[in-house]
Amino acid sequence: MAAPPLGRLVLTHLLVALFGMGSWIAVNGIWVELPVVVKELPEGWSLPSYLSVLVALGNLGLLLVTLWRRLAPGKSERIPIQVVQGLSIVGTGLLAPLWSNMALVAGQLHSVAFLTLAFVLALSCCASNVTFLPFLSHLPPPFLRSFFLGQGLSALLPCVLALAQGVGRLECLHVPANGTTGPPIKVSPINFPERFSAGTFFWVLTALLGTSAAAFQGLLLLLPSPPPEATMGTGLRVETPGTEEEEEEEEASPLQEPPGQVASIVSSPDPKAHRLFSSRSACLLGLLAITNALTNGVLPAVQSFSCLPYGRLAYHLAVVLGSSANPLACFLAMAVLCRSLAGLYGLCLLGMFFGTYLMTLAVLSPCPPLVGTSAGVVLVVLSWVLCAGVFSYIKVATSSMLHSGGRPALLAAGVAIQVGSLLGAIAMFPPTSVYPVFRSGEDCVDQCGP
């Protein structure tokens, strides 16, 4: 059969990437904007712990999607996807003018509008993992990697936008100790205004979410209507060591077909796809849950404690470069995909090595090793980049291996992602918000001197 035009193939990959970009860009945008809004909102630096809880509660979106599937079995997958996209667009659109609104709750001021809308966005983002991923079962594995590339952009673009905004600009004013004489000392930190406001930041996020929704509509025009749920495979098939070469050939062949024909080829039930709870499948899903528990729950909760002792610059470099490692890992997976379970677990141990180093720095905050040195800055930033890159590659490789099981496998992958993220967030809430396990420093104050 004749190969499709290259332009059509590239367009489909682009639309899938833009579609994936809208999955978590709202919550990621709120996270990177915290250094700006926290200066205005009454919760202060406890705001990240509030947001962690709200994102964990956002897993209720999983229950809402499950309820919808029970009440409307066999219905088109586009409806929950469009609802999720609509909630994200409306939520960020309302954040732009309302984020700074406060109200009295139990006699104390709270940022009710910001927290409420953050919860709505958390619901939509968490639901995206069990609505967006099953839709991709109608496409071959290379398009799934384009989707994860888009998810990487959902973390990278807000960080780039935040740097353009000027997040983290801080200077310490030196003044004489006694009038006009005496040695200079550091006093209150000076925060310079950003290049544009938080409201403008949220408007840009709204535009990006609108672009993602438009990309999904474009995919619906390119692809035929997906088959009803009853005709989908009911099991999870993962390749065995003896069929790796055949699997690679089967995976490569759909790229030579138009997206419409690919959908009908990939979505047909596989008579061998019946081992949903095989040991290999369980290992892959467990690995997916562990990596997401670390990257979405455990490590983000301590990122400020591990980085801020080395300065605002180290913190923002770790955020931006660590986020950029995500799409780079997706590019690597598109070229070289690890199909060995032992290899993936080996990579997981490598990622845990970097994660352990970062957790150690957070526990020793505000006086970790090499504080105040360039070597300390390089090590903490490099550790965040490598940790994020390794775990991102594991996520893409694991999901690609699960793809052969069709929609049920990708649905199970989405559940594993959210369950892991939920457990990680719950585990880190007491030590970061209740018990003084991690201690923060003060700007322009040397707490590590003799």
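Cβ atoms here come from the backbone N, Cα and C positions, even for glycine.
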**Message:** Say a student had to find the N-linked glycosylation site annotation in Swiss-Prot: which of ASN129, ASN178 would be the correct pick?
**Reply:** ASN178
**Request:** With Cβ distances under 8 Å as the criterion, find the stretch in 14-34, 147-167, 201-221, 282-302 that has the most pairs with the transmembrane segment (114-136).
**Result:** 14-34
**Cβ-Cβ under 8 Å with the transmembrane segment (14-34): same-chain residues at least 6 beyond its ends** = 47-48, 51, 55, 58, 85, 88, 91-92, 95, 118, 121-122, 124-125, 128-129, 132, 136, 139, 143, 146-151, 153-155, 157-159, 161-162, 167, 198, 201-202, 205, 208-209, 211-216, 218-219, 222, 300, 319, 323
**Request:** Mind checking which residues of the chain, 6+ beyond the ends of the transmembrane segment (282-302), have their Cβ under 8 Å from one of its Cβ atoms?
**Result:** 31, 48-49, 52, 56, 238, 341, 344-345, 348, 351-352, 355, 358-359, 362, 387-388, 391-392, 394-395, 398-399, 401-402, 412-413, 416-429, 432, 438
**Item:** Contact check, the transmembrane segment (147-167) vs the transmembrane segment (79-99), 3+ Cβ pairs under 8 Å, seq sep 6+
**Value:** no
**Fill in**
Quick tally over 47-67, 79-99, 201-221, 317-337, 344-364 of CB pairs under 8 Å to the transmembrane segment (371-391) gives the top stretch as 317-337
**Message:** Which residues of the chain, 6 or more past the ends of the transmembrane segment (201-221), have a CB below 8 A from one of its CBs?
**Reply:** 11-12, 14-16, 18-22, 25-26, 29, 33, 36, 78, 81-82, 85-86, 88-89, 92-93, 95-96, 99, 150, 157-158, 161-162, 165
**Request:** Go through the chain and flag residues at least 6 beyond the ends of the transmembrane segment (79-99) whose CB is under 8 A from any CB in it; none is fine as an answer.
**Result:** 22, 25-26, 29-30, 37, 61, 65, 68, 72, 111, 113-114, 117, 120-121, 123-125, 127-128, 131-132, 135, 198-200, 202-203, 205-206, 209-210, 212-213, 216
